[in-house]
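Asks: Pulled the feature table from TrEMBL, pasting it below:
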- A:HIS37: active site, proton donor (ACT_SITE)
- A:30-37, A:147-150, A:VAL176, A:184-187: ATP binding site (BINDING)
- A:GLN61: beta-alanine binding site (BINDING)
- A:GLN61, A:GLN153: (R)-pantoate binding site (BINDING)
There are 2 protein chains.
Amino acid sequence: MRIIRTIKEMQNTSKFMMRQGKSIGFVPTMGFLHEGHISLVQEARQQNDCVIMSIFVNPLQFGPNEDFDRYPRDLKRDEELAIQSGVDILFYPHVDEMYPKERTTKLSVKERVDTLCGRSRPGHFDGVATVVLKLLQIVLPDRAYFGMKDAQQVAVIQGLIDDFNVPVELVPCPIVREQDGLAKSSRNVYLTPTERKEAIELSSGLNAAAKAIADGEKESITIKTIIKNYLDQTSGVIDYIEVLSYPELQPVNLIENQVIVAVAVQFSAARLIDNTIATSDIAIGV
Amino acid sequence: MRIIRTIKEMQNTSKFMMRQGKSIGFVPTMGFLHEGHISLVQEARQQNDCVIMSIFVNPLQFGPNEDFDRYPRDLKRDEELAIQSGVDILFYPHVDEMYPKERTTKLSVKERVDTLCGRSRPGHFDGVATVVLKLLQIVLPDRAYFGMKDAQQVAVIQGLIDDFNVPVELVPCPIVREQDGLAKSSRNVYLTPTERKEAIELSSGLNAAAKAIADGEKESITIKTIIKNYLDQTSGVIDYIEVLSYPELQPVNLIENQVIVAVAVQFSAARLIDNTIATSDIAIGV
């Protein structure tokens, strides 16, 4: 695996590969890799000649009270995992390489942000969109891989790609789960043993919701009630249960097209999120 | 010359040429071509295997009281001129192709805009930056050609390219002038015969300023006075005489690096602009 630290070398390398007719799959990360990232690499590995991963903890997407300085970093371990999972090139730029001087422009995300987790993180997706647009210009991939665990991020980046006609295919990848259905997260270790058992209610509730929608249920309020009955079995506090159009992320009362059903639950020391995309079969083709 | 009207076909065509190792030179225009545009095509022709011109009157860069609907259009004449000057591909998208739905993001230009002509056109450069970033993603050029007549536009687009690491070289091209030095402009026809003679004072003043700077003059105020003495010979009203750092477009009192000296003069029915880039030789290497 080759490690590249400058933008110039990364762009030149990607252009060289393009001219050779090689397809490039890109997995952007902030490092501290876990099974979610590895699943993205595996998907990219299957679909492309070359897999490029970036590791860059992007200061622009952290709020003033968030944990940019304390964000966990472990490059040696990440390198090992990247090599094992089949990454060809690791792009690992310094902050000064990515943001060398005062910018003259500002990219803001206006839609799809004032809901779900974005509601409590003003400006977060502006920083995400800015760094992703830069990375897409630097890595020049044919396909870019993002996990559906952060479905809102996927929706925002799809909007960005559409707005600016970026010549890349966004590939949303399924949430990686534990055997009992709990979405994998580095935060799961903060759950008490009791909470860990209760936490399966998130995915159970979402599964029940998806099944109800597939069976023809169209009322969002009914779907939310189904999920609430599961989440009420836990000791956690429900932060939100939402049924939104996807990828627009607008509230829907009547489910007629593709929706995201998303939940967030605060346990004693961990806030868990999970979601599923569902489509009302009957509505397809309408 | 091939005419392409869809984004998909334009991107696929450019990707195909890239894979063949062919370089692409790009001349974005709003059509109604004149000698300024042709000079850009000639420059692009010399430096690239393939020359692509776009014609797109971008509604986003027109203010509510500006002349988007009345902006002159003459595709047949433009096609002829494009063919004669050596354009290989004309990209000519419909507004609905470029802006098919509500955008989810907003790109704003924060620096280099609140001066020169940008001062009186709030939001104009947001629209310019948005469409240029889209066109660069669609045409995927190695080099993009812009005329220095609109030096502020060049500075803004260079900032955009730097901010987002767009893999393109911006090539600023010299102002095309009449034999007596007047910068060519479609607005020159609105000058009265007397004003037409007076109008050479703009380029004469700028030439004198550039010579003074090359000879070691460092005081912006002195440079402005030199130019004012020329412009005062005309019946026009001086809109601005500016000495700014380039490409940052910050006011400078003491000329130590590269500057732009720019003027705007309002005549009875035409507002003329002109500029020159000057460097204090003595300061070079400091």
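For all residues, glycine too, the Cβ spot is worked out from N, Cα and C.
Just so you know, TrEMBL annotations are computer predictions that nobody has curated.
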Asks: So of all those recorded positions, A:HIS37, A:GLN61, A:GLN153, which one's Cα sits nearest to A:VAL176 (ATP binding site)?
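Replies: That would be A:HIS37, the closest of A:HIS37, A:GLN61, A:GLN153 to A:VAL176 (ATP binding site).
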Asks: Fill in the CA-CA distance, A:MET30 (ATP binding site) to the residue listed as 'beta-alanine binding site', as an integer in Å.
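Replies: Answer for this pair: 11 Å between alpha carbons.
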Asks: Under a criterion of Cβ-Cβ distance under 8 Å and sequence separation of at least 6, what residues of the same chain contact A:LEU33 (ATP binding site)?
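Replies: The list for A:LEU33 (ATP binding site) reads A:ARG77, A:ASP78, A:LEU81, A:ALA82, given in order along the sequence.
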Asks: Given the recorded positions A:HIS37, A:GLN61, A:SER186, find the one whose Cα is closest in space to the Cα of A:GLN153 ((R)-pantoate binding site).
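Replies: Result for A:GLN153 ((R)-pantoate binding site): the nearest of the recorded positions is A:GLN61.
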Asks: Hey, does DSSP put A:MET30 (ATP binding site) in a helix, a strand, or just coil?
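Replies: Coil, per DSSP.
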Asks: If I take the alpha carbons of A:GLY36 (ATP binding site) and the residue listed as 'beta-alanine binding site', what is the distance between them in whole Å?
Replies: 20
Asks: Measuring Cα to Cα, how many Å separate A:SER186 (ATP binding site) from A:GLN61 (beta-alanine binding site)?
Replies: 19
Asks: Quick check: in three-state DSSP terms, what is A:VAL176 (ATP binding site)?
Replies: coil
Asks: Report the same-chain neighbours of A:HIS37 (active site, proton donor): residues 6+ apart in sequence with Cβ closer than 8 Å to its Cβ, ordered by sequence.
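Replies: Correct list: A:VAL27, A:THR29, A:MET53, A:LEU81, A:SER85, A:GLY147.
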Asks: Work out the three-state DSSP category of A:GLN153 ((R)-pantoate binding site).
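Replies: Helix, per DSSP.
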Asks: Taking the Cα atoms as reference points, how far is the residue listed as 'beta-alanine binding site' from A:MET148 (ATP binding site) in Å?
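Replies: That comes out at 19 Å between the alpha carbons.
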